[in-house]
Amino acid sequence: MTPTVFLSILCLGVALAAPAPDYNLDAEWEEWKRSNDRTYSPEEEKQRRAVWEGNVKWIKQHIMENGLWMNNFTIEMNEFGDMTGEEMKMLTESSSYPLRNGKHIQKRNPKIPPTLDWRKEGYVTPVRRQGSCGACWAFSVTACIEGQLFKKTGKLIPLSVQNLMDCSVSYGTKGCDGGRPYDAFQYVKNNGGLEAEATYPYEAKAKHCRYRPERSVVKVNRFFVVPRNEEALLQALVTHGPIAVAIDGSHASFHSYRGGIYHEPKCRKDTLDHGLLLVGYGYEGHESENRKYWLLKNSHGERWGENGYMKLPRGQNNYCGIASYAMYPAL
């Protein structure tokens with residue numbers, strides 16, 4: 001595995017002069033700024049416009065060259081359109097996810113349905129938005145615990161990502177600069193609790209720890225790492241509920257994802273940099289057509305992907321590392 005540790009924030013100022021804008025894109029640029037609530041200083045607008053135009057051209061070229069109509073996979077210009085590649089990586093590529101051997105509680109011969117969506121069973125809270133803070137690891141872990149809390153109590157309570165960010169630093173996490181789900185689960189287990197979003201709301205920046213035990217709404221007794229193969233992941237998902245996973249999310253095609261079954265030829269299974277929640281699986285078309293997918297909840301808001309979710313190839317040799325770093329808690 002190639003480790004990816006911590007990246008420095010890219011300064012907004014760029015030394016090189018921005019190229020002259022393509023005035024044919026003026027109306028599209030103004031509409032994009034309006035719909036994404038962007039305002040800039042005059043100098044910054046030149047730089048951001050240049051980046052945005054480059055991304056527009058890349059998306060058009062990528063669609064033309066790669067035939068993204070396959071499996072209905074599409075990309076689009078979204079809220080990340082004025083960000084450089086390095087800036088987009090800041091949202092994901094903040095910590096390496098070391099591969100771990102796993103073991104999990106497994107029922108004998110669990111019945112595997114042809115499709116599964118834990119959202120329909122009430123296990124999944126609404127999609128949230130991490131913003132410019134690289135806290136995907138915390139969103140993935142809290143969402144996973146939320147599902148187990150619902151399974152145990154029947155109550156679906158959004159948990160505090162901010163609590164996890166602020167208070168798990170001594171376990172190796174870095175707030176908005178990244179963290180590992182294993183360390184986050186370890187904190188919640190040892191801490192004896194985690195607050196709800198309602199009492200410890202998300203602020204998209206790390207602060208000092210303000211956890212109060214009397215406001216805790218959940219405890220984690222232990223947690224399990226799933227063996228690194230898709231069959232074990234499938235069994236764990238069916239048996240236990242939503243699973244915290246990590247994938248290679250470093251590519252522009254990921255940040256520009258709109259819908260369909262994701263396809264990225266450069267996606268790796270041993271370089272993991274983005275945490276998500278695995279909530280189900282299914283297939284497009286007929287089951288015999290081998291267009292199977294995993295269904296994942298992201299933390300980029302509902303305007304990204306399929307209302308905040310994405311489909312990743314299933315049964316394709318651990319595509320993008322979907323089964324390389326999966327875990328879930330027991331309450």
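Our numbering is plain: 1 for the first residue shown, then up by one each step along the chain.
Cβ atoms are placed via backbone N, Cα and C, with glycine included.
Annotated in Swiss-Prot:
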type: ACT_SITE; residues: Cys136; note: active site
type: ACT_SITE; residues: His274; note: active site
type: ACT_SITE; residues: Asn298; note: active site
type: DISULFID; residues: Cys133-Cys176; note: disulfide bond
type: DISULFID; residues: Cys167-Cys209; note: disulfide bond
type: DISULFID; residues: Cys267-Cys320; note: disulfide bond
type: CARBOHYD; residues: Asn72; note: N-linked glycosylation site
type: MOTIF; residues: 33-50; note: motif 'Nuclear localization signal'
type: SIGNAL; residues: 1-17; note: signal peptide
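Location within the structure of each feature annotated in Swiss-Prot.
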residue : record                      : DSSP class
Asn72   : N-linked glycosylation site : helix
Cys133  : disulfide bond              : coil
Cys167  : disulfide bond              : helix
Cys176  : disulfide bond              : coil
Cys209  : disulfide bond              : coil
Cys267  : disulfide bond              : coil
His274  : active site                 : strand
Asn298  : active site                 : coil
Cys320  : disulfide bond              : helix
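Cys320 (disulfide bond) is surrounded by 27 other CB atoms, counting those within 10 A of its CB over all protein chains shown. Of the candidate recorded positions, Cys136, Cys167, Cys209, Asn298, Cys320, the one lying closest to Cys176 (disulfide bond) when CA atoms are compared is Cys136.
Counting in whole angstrom, Cys136 (active site) lies 6 from His274 (active site) by their C-alpha atoms. Neighbour counts of Cβ atoms within 10 Å were compared for the disulfide-bonded residues Cys133, Cys209, and the top value is held by Cys133. In this structure the C-alpha atoms belonging to His274 (active site) and Asn298 (active site) are separated by 9 Å. A count of other CB atoms within 10 A of each Cβ picks out Cys136 as the most crowded of the recorded positions Cys136, Cys167, Cys176, Cys267. Around Asn298 (active site), the same-chain residues at least 6 positions away in sequence with a Cβ under 8 Å from its Cβ are Val127, Leu276, Trp304, Gly305, Gly308, Tyr309, Met310. Under DSSP, residues within the motif 'Nuclear localization signal' (33-50) fall into helix, strand and coil as 12 helix, 0 strand, 6 coil. Put simply, Cys320 (disulfide bond) is 18 Å from Asn72 (N-linked glycosylation site) when counted between their Cα atoms. Cβ neighbour count for His274 (active site) (all protein chains, 10 Å cutoff from its Cβ): 28.
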